[in-house]
Structure formats: structure tokens, C-alpha cells
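Per TrEMBL, the features are:
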- GLY10, ALA11, GLY12, LYS13, GLY14, THR15, ARG127, ALA200: ATP binding site (BINDING)
- THR31, ARG36, GLU57, LEU58, VAL59, GLY85, TYR86, PRO87, ARG88, GLN92, ARG161, ARG172: AMP binding site (BINDING)
- CYS130, CYS133, CYS150, CYS153: Zn(2+) binding site (BINDING)
- 127-163: domain 'Adenylate kinase active site lid' (DOMAIN)
- 30-59: region 'NMP' (REGION)
Amino acid sequence: MNIILLGPPGAGKGTQAQRLVERHGMKQLSTGDMLRAAVKAGTPVGLKAKAVMEAGELVSDEIVSALIGDELDAMPASQGAIFDGYPRTAPQAASLEQILESRGRKLDCVIELGVDEDALVERITGRYTCASCGKGYHDTFEKPVVEGTCDKCGSHEFKRRPDDNEQTVRTRMAEYRAKTAPILPIYEERGIVARVDGMADMDNVTAAIEAVLKPR
Ligand code: AP5
Ligand code: MG
């Protein structure tokens, strides 16, 4: 199965993608994570993306679509893909169609995480991840069981994203409204959009996504 998780910054795309990976052995394809890895490694893509990401703007369509194609090529054909944060523009949506078709895959479902924008700033500014395994946490909503120790791998090192400040979050939201929300009708016309309440408790969001995917 190939699915898109669509929603504004902080909607819970990464959180829910990690859970789908654990439950179904699918692969999370997060263009944000790929770009952050490129920035960290100092690759040519990372050098181009760094300032754009720190400003909360969108990296070029060509760069992100190439990253997605490469990741799909490295996956077994039988493994399902979760597109997290991609596509984000109409040209990216068109590229995804070609990328999937040329690899004999099809898009099964677009899950739109509906959220109240006012809550997103709190979610994003409280977010951090394990520096070792990448497990996501939140200062209020998802703390490690033992403070300062990752539940998953036991590491004591955590990190925060440089673009997780209020000013950049506002730009990221404006980019979402202007460029990403308008791609939804493409998928609505095909009857493959399912709306899930992203304001619910994390476990309830997971249950709602499972209910959407079950009959397929
Ligand atoms: P990206 O990394 O994709 O960031 P984003 O879309 O802004 O989304 P986030 O990762 O901030 O939010 P999320 O929905 O994953 O939320 P999460 O689950 O972490 O992109 C970053 C940048 O890279 C972009 O700005 C752009 O520059 C560039 N980029 C990436 N893809 C691109 C593309 N395709 N084209 C061009 N440029 C691209 O949750 C947030 C927090 O809330 C967590 O702490 C979590 O614990 C908590 N939380 C989650 N769910 C709940 C809940 N139900 N209740 C309470 N708390 C919750
Ligand atoms: Mg994310």
C-alpha cells in the first residue's frame, strides 16, 4: 500500500508515520528528514536546502522529487510507502504520479490530518527527538517514561530542529496554505481522500488511521 499523510506543520504526520512503520513494516519517506540528513552531511543538496529550510520556505520541486525517486528505488517492490511531507506543491503531485507509475506502484489513499492551527505552534515548539534513534517526543504531550532517557534506545541525547521556532512555523503554515492545501482537490476528485481528526489524542488518531486502512 502507498499512502500520503497530508497536513500542516505539526499535524502529526511524522508521529503517525512512525507508528505505521512499527505496525505494518511500511517505509516512512519524509522529505523533511531526507533534507535534514543532507544538511547534516553537507551534501550539495544540503547546502542548497539549509537556508531555505531555516526560513520555513519550500525547497525546489526537482530536489525533493529526486530524493523520493531514489528512496523508492532502494526499497523492495513489495514494501508499502508512507509519503510524509511530500507532495507539497502541484508539480510535486504530478511528479509523484510519474514516479509511482514508472515503478509499477499506485497511490491507494491520502490521509488528511485536520488540525486547529492555533494548537500547532505549541506542538512544534515543544517537540524534540532522540539524537540517536530519532524517536519523537514532546515537552507536554509525549515525555519519555524516564526523564532524559529515550524509551526506545536508552540514549540520553536529544535534539530540537532549527526551524521549530514560532516565526518560522508561521511561514511554514503560510506555505502550506498557499501551496500544499490546493493539491487536495486532485485527490478528492479521485475519491481517495480520508479525513482524520488530528486534534484527537495521539492513540485515537492512530486508531482512526487504522480504521481507514483496514478495509483495503
Ligand atoms: P517537514 O520536516 O516535512 O516539516 P513539516 O511539514 O513542517 O511538518 P513537521 O515535521 O513539523 O510536523 P509533523 O506533521 O511531522 O508533526 P509531528 O508528528 O512531528 O519539512 C521541514 C522543511 O523541509 C520544510 O519547511 C521545507 O523547507 C522542507 N521540505 C520538506 N519537504 C518538502 C517538500 N516536499 N517540498 C519542499 N520543501 C520541503 O508532531 C509535532 C509535535 O506534536 C510532536 O512533538 C508530537 O509529539 C506532537 N503531536 C503529534 N500528534 C499529536 C496529537 N495528536 N496530540 C498532541 N500532540 C501531538
Ligand atoms: Mg514531520
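Cβ atoms here come from the backbone N, Cα and C positions, even for glycine.
Positions of TrEMBL features highlighted on the structure.
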{"residue": "GLY10", "record": "ATP binding site", "Cβ contacts under 8 Å, 6 or more apart": "VAL115, ALA119, LEU120, VAL121, ARG123, ILE124, ARG127, VAL169"}
{"residue": "ALA11", "record": "ATP binding site", "Cβ contacts under 8 Å, 6 or more apart": "LEU113, VAL115, LEU120, GLY198"}
{"residue": "GLY14", "record": "ATP binding site", "Cβ contacts under 8 Å, 6 or more apart": "GLN28, SER30, GLY32, ASP33, ASP84, GLY85, GLY136"}
{"residue": "THR15", "record": "ATP binding site", "Cβ contacts under 8 Å, 6 or more apart": "GLY136, GLU142, MET202"}
{"residue": "THR31", "record": "AMP binding site", "Cβ contacts under 8 Å, 6 or more apart": "VAL59, VAL64, LEU67, ILE68, ASP84, GLY85, TYR86, ARG88"}
{"residue": "CYS150", "record": "Zn(2+) binding site", "Cβ contacts under 8 Å, 6 or more apart": "CYS130, SER132, CYS133, LYS135, PRO144, HIS156, PHE158"}
{"residue": "CYS153", "record": "Zn(2+) binding site", "Cβ contacts under 8 Å, 6 or more apart": "CYS130, SER132, CYS133, LYS135"}
{"residue": "ARG161", "record": "AMP binding site", "Cβ contacts under 8 Å, 6 or more apart": "ARG36, ARG127"}
For this session: Determine which residues of the chain contact the domain 'Adenylate kinase active site lid' (127-163) at the Cβ level, with the cut-off under 8 Å and only residues 6 or more beyond its ends counted.
Result: 10, 14-15, 18, 33, 36, 53-54, 56, 169, 172, 202
Problem set entry | DSSP-derived structure type at LYS13 (ATP binding site), helix or strand or else coil | helix
Problem set entry | Same-chain residues at least 6 beyond the ends of the region 'NMP' (30-59) whose Cβ lies under 8 Å from its Cβ atoms | 13-14, 17, 67-68, 71, 84-86, 88-89, 134, 161-163, 167-172, 175, 179
Problem set entry | Average model confidence [pLDDT] within the domain 'Adenylate kinase active site lid' (127-163) | 95
Problem set entry | binding-site residues whose CB lies under 6 angstroms from ligand 2, from LYS13, GLY14, VAL59, ARG127, CYS133, CYS153 | LYS13, GLY14
For this session: Measure from the CA atom of LYS13 (ATP binding site) to the CA atom of GLU57 (AMP binding site) and give the result in Å, rounded to a whole number.
Result: 18
Exercise. Cβ distance under 8 Å to ALA200 (ATP binding site), same chain, sequence separation 6 or more: which residues?
Worked result: ALA208
For this session: Anything from the binding-site residues ARG127, CYS130, CYS150, CYS153 with its Cβ under 6 A from ligand 1? List those in sequence order.
Result: ARG127
Problem set entry | Summary of DSSP states over the region 'NMP' (30-59), given as helix, strand and coil counts | 23 helix, 1 strand, 6 coil
Exercise. With DSSP helix as H/G/I and strand as E/B, how many residues of the domain 'Adenylate kinase active site lid' (127-163) fall in helix, strand and coil?
Worked result: 0 helix, 10 strand, 27 coil
For this session: May I ask which residues of the same chain, at least 6 positions away in sequence, place their Cβ under 8 angstroms from the Cβ of LYS13 (ATP binding site)?
Result: LEU5, LEU6, GLY7, SER30, ASP84, GLY85, LEU113
Problem set entry | Most distant Cα pair in Å, residues THR31, ARG36, GLU57, LEU58, VAL59, GLY85, TYR86, PRO87, ARG88, GLN92, ARG161, ARG172 binding AMP | 24
Exercise. Which entry in the list of binding-site residues, CYS130, CYS133, has its Cβ near the fewest other Cβ atoms, using 10 Å as the limit?
Worked result: CYS133
